[in-house]
Amino acid sequence: MKLAIIVNITRDKALELACELVAWLDERSIDYVFDRQSAKAIGSGKWEEKADLNQHCDAFVSLGGDGTLLLASHYSRSKPVLGINVGDLGFLTEFSPDEMWTAMEHLVSGNYSKHTRSQLEATLESEEPMTALNDVIIEKGTATRRLPAFVIRLDDEILGSYRADGIVIATSTGSTAYSLSAGGPIIAPKSNVFVITPICPHMLTVRPIVISDDKTIKVSVDSQSGEFPLKMDGIQKKLLAPGEVVTVKKSPHHVNLVANQKRSYCEILRKKLLWSHEHPTGQ
């Protein structure tokens, strides 16, 4: 087995864990490689470009928060991703640093369970598809005279057109990310749905809508001028022109996250969102 290791190099704890992991792997003669930035940060000569990691590795280890895991997922292409949480919240990174070694034992032995998560695929005319595990976001950008109108179609039928600061199209996995901050619902991660969530809409009647994930969503921005950022999992990919159409649908490719069998989704919600903070469970 060969592991690809991606590290949040801005966090000292992640760098410390990376060095400990290297020693652990070396002791067991397990092959590994870092991406270029991670290798440079810890002084390792074993690295490859991120785009090449999937071709040469059997599994990915993410040391950081959800953002680091999202980065790893873009390159994993359905190969298992083990997320160790050294971030702040961590909905996706299921293992704590204390749980890392047991999780690593299970990973290298093949004795692990996984969560298979759907992704979004966004395309522009005559361009290659882009994928996102959490969400596709289109923002108002440089349209300054008045809020732009976002025109949304489902399977080529108009759903609506409304003025807002932007729009989030999220998977069930991504429902606890930007969509939640914008007022969207929490959706159980294995639900076969997407949620379309407006960002600060001009009208109070504009609300998030949950749709089946077999729908094709088309979004364009009705504005006389401006450029509108298109982001995939928070990373800007394009600046859209007025009227340019983004087609969003379920990707044929999945992400496989190594599961923590000691934690249920209900427990994750309780702990991350402090749902039992005011009234502890059982009291």
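Using N, Cα and C of the backbone, Cβ positions are placed for all residues, glycine too.
Quick caveat, the model's predicted, so the values are computed rather than measured.
These features come from Swiss-Prot:
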type     : residues                                                                                             : note
ACT_SITE : Asp66                                                                                                : active site, proton acceptor
BINDING  : Asp66, Gly67, Asn134, Asp135, Arg145, Arg163, Asp165, Thr176, Ala177, Tyr178, Ser179, Leu180, Ser181 : NAD(+) binding site
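There are 9 other CB atoms within 10 A of the CB of Arg145 (NAD(+) binding site), with all protein chains counted.
When the binding-site residues Asn134, Ser181 are compared by the number of other CB atoms within 10 angstroms of each CB, Ser181 has the fewest. Note: the CA-CA distance between Ala177 (NAD(+) binding site) and the residue listed as 'active site, proton acceptor' rounds to 10 Å.
Under a cutoff of 8 A between CB atoms, and with a sequence separation of 6+ in the same chain, the neighbours of Ser179 (NAD(+) binding site) are Asp135, Val168, Ala170, Val195, Thr197, Pro208. The Cβ of the residue listed as 'active site, proton acceptor' lies under 8 Å from the Cβ of Gly83, Gly87, Leu89, Gly90, Phe91, Leu92, Thr93, Ala177, each on the same chain and at least six residues away in sequence. Ala177 (NAD(+) binding site) counts 24 other C-beta atoms within 10 Å of its own C-beta, drawing on all protein chains shown. In sequence order, Glu139, Lys140, Leu147, Ile199, Cys200 are the residues near Asp165 (NAD(+) binding site), counting only same-chain partners six or more apart with C-beta under 8 A. Maximum C-alpha to C-alpha distance over the listed NAD(+)-binding residues Asp66, Gly67, Asn134, Asp135, Arg145, Arg163, Asp165, Thr176, Ala177, Tyr178, Ser179, Leu180, Ser181 is 36 Å.
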